[in-house]
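Asker: Take a look at this one; I'll ask things after.
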Ligand code: NDP
């Protein structure tokens, strides 16, 4: 099984190799087999990517918005035509089941490109009448933006960052996570095939040092990172030194609150989706499931039954619902959290051990009787480990749900819509759901408050983060000067 790309990087419209860079071994998490060998970007590769993007960006920004959009729409069509092939590559790169990658990863990326291709030509400035004189505004691109991705949704992240950036006239240098470097190269290839000028979307591989080199370069106007809170803090600090714009999509420990009057089957289904999809490796997961005491027993019973029926297996098999973790480091980290939860007295309801389907499988795991002080309720696991906590009153659960440094997402299940809105209104989270969980259509802003990040992806809101306003005062009469 080989998924070797033509070269490690994609710069100035073509694949580029520099074997002087340290080797990155890409493995298929289903078996830990090596499927590709890439090289980290050397300073020469990073220089070629940045200088190429700088050289190409002005002409791209000067094109009519509909001309840029036409190219992006051609890319959308190519992504959809090649859906099966791209889904398989994503599965090999991440280990996620093909039944997920066929519907979630690239399809969500294509939606983002389509949405921003449609939106960008509609963006206009404002005119301010000033009693004779007037002023107007122009929404301009920032210049060259850096995108840095996490490994859980590599191709979706590349598209979510490229779509608002490129449609509004920016160029981008994208660094995927070194764990999952393959999808972004395909995106770069597709853009060129769709007619995008060389240098507008570049991909360079590397670990944190490559990301840091990009984020600190003075020619870069903006850094958009999807990653952990500690990395976010480092990148934000580096960007601040150069007064760069930032978007930070970081980690979470989001609450999912189930009231007694909720539709329990839906609430159980949402809790499972929000903890087990992508083997739990999703930033917005509802990993603290607060269940009101009156329905606790019924909730746990159905949760245990439905969790036991999950089909884990080879991610390439269309019948598989649940795959491995992305690599050994993540596997060990998650197994460590399971051991800690047991040691701290959480009650195991389901799973709790490694799976036997491959080397990196962890069983879908549920702990009940979790308290706010336990490690499992405080730290992001990024694996298939659900913590169920009990609560009695609305007031109590709101305070406890907010008792965290994170603020990415939140969900409420209730039959009383007034309560749903009232509770969501008091939760400190950027992305919320009432009687749903983890749905992130491109029409809806996605982002965080508190330590989980800042800025928004998707929706009209993302345009604000990839453009800046130029204000122009136009004098129509003689200048009235006291001198
Ligand atoms: P990391 O924070 O470890 O890495 C994120 C990216 O930043 C990687 O490409 C990494 O490179 C790079 N990087 C690391 N150090 C630096 C640095 N000093 N300067 C610039 N770039 C750097 O996150 P993971 O890849 O482990 O992803 C998991 C995390 O991402 C979780 O916390 C999760 O919650 C979060 N996440 C957030 C999402 C959101 O939208 N809010 C969505 C998905 C994930 P490399 O890893 O190659 O060394």
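Cβ coordinates come from backbone N, Cα and C, glycine included.
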Asker: Which candidate from 283, 432 does TrEMBL annotate alongside 149, 150, 151, 175, 176, 177, 178, 251, 380 at the NAD(+) binding site?
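Answerer: TrEMBL lists 149, 150, 151, 175, 176, 177, 178, 251, 380 binding NAD(+), and from 283, 432 it also lists 283.
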Asker: Taking only the recorded positions 93, 161, 450, 453, 457, which one has a CA atom nearest to the CA atom of residue 283 (NAD(+) binding site)?
Answerer: 453
Asker: Whole number in angstrom, please: the longest C-alpha to C-alpha distance across 149, 150, 151, 175, 176, 177, 178, 251, 283, 380 for NAD(+).
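Answerer: The NAD(+)-binding residues span at most 23 Å between Cα atoms.
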Asker: Taking the domain 'Aldehyde dehydrogenase' (22-472) alone, what is its mean pLDDT?
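Answerer: Across the domain 'Aldehyde dehydrogenase' (22-472), the average pLDDT comes out at 98.
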Asker: Anything from the recorded positions 161, 178, 249, 283, 450 with its Cβ under 6 A from ligand 1? List those in sequence order.
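Answerer: The qualifying recorded positions are 178, 249, 283.
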Asker: Translate the DSSP assignment of residue 176 (NAD(+) binding site) into the three-state scheme.
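Answerer: The residue in question, residue 176 (NAD(+) binding site), is coil (DSSP, three-state).
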Asker: As a test of the contact definition, list every same-chain residue at least 6 positions from residue 178 (NAD(+) binding site) whose Cβ is closer than 8 Å to its Cβ.
Answerer: 24, 40, 205, 206, 207
Asker: Between the Cα atoms of residue 93 (K(+) 1 binding site) and residue 450 (K(+) 2 binding site), what distance do you get, rounded to the nearest Å?
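Answerer: Approximately 31 Å lies between the Cα of residue 93 (K(+) 1 binding site) and that of residue 450 (K(+) 2 binding site).
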Asker: Helix, strand or coil: which one is residue 93 (K(+) 1 binding site) in, per DSSP?
Answerer: helix
